[in-house]
Amino acid sequence: MENNSDQPTEAQESNNNGNACIENVENEEPTVAVPTSPTEKDDKYYQDAKKYWSKISPTVDGMLGGFGSISFTDIRGSEQFLKNLFKLKPAPGRLQALDCGAGIGRVSKNLLMNSFERVDLVEQDAQFCAKAESELSPSGKLGTVYNVGLQDFRPEEGKYDVIWSQWVLGHLTDTDIVEFFFRCTKALKKNGIMVMKENFTNTDEVEMDRQDSSVTRPLQVMKQLLTRGNLRVVKEQRQKDFP
């Protein structure tokens, strides 16, 4: 799944086994924590999102909520951010990447496959997976496409140099996002990086989108969740030139 806006931040595993980054839109410093979604409501929360995305066309415009025109600007901003990550000391490797909430593989095709030898995708919508496989197989760089939601995804430990997650974490409950972060820290290689490109609110309120069953969190809340997930922020950058 992909949504439609952004800015970057970078986080690193607190035990120094790897790194992670976030991209977002707003950069306020609120202090309000997000209440954890009740367990009995989790299934409906995820099913509503799955139902929404099942009706979306497997196109760039569909992935970006009708804002397909921003794709070029989005990719250029991400390219620059990724280049800066490769300048870190120590820097992540360039062998294996994972695209989370990959949709039809827009980010893999236009960004990750230009920098990594192999790219795996994880996406909960079957028709998006099929489109991604069709589009990306000729590149020779497509690894495994996992047709599963992030709340249930269990990546192989120590496999990835970079894990890229864009406009999808709002679909996870607080409990699941923290557990997802923990699994990602274990999936990263030494000096590995996790990049998160997300929208953030410009207030201290969590905003609910009932249409696609997602939330937009304040940046500070996301940082709190990162800390709980054994990550720390090491780099942050705002996406420019969005409408």
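Here the Cβ of each residue, glycine as well, is placed from N, Cα and C on the backbone.
Listed in TrEMBL:
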REGION    1-41  region 'Disordered'
COMPBIAS  1-19  compositional bias 'Polar residues'
BINDING   Gly101, Arg106, Leu150, Gln151, Gln166  S-adenosyl-L-methionine binding site
Rank the binding-site residues Gly101, Leu150, Gln151 by how many other Cβ atoms lie within 10 Å of each Cβ and give me the one with the fewest.
Gln151
Mind giving me a neighbour count for Arg106 (S-adenosyl-L-methionine binding site)? Other Cβ atoms within 10 Å of its Cβ, every protein chain shown.
22
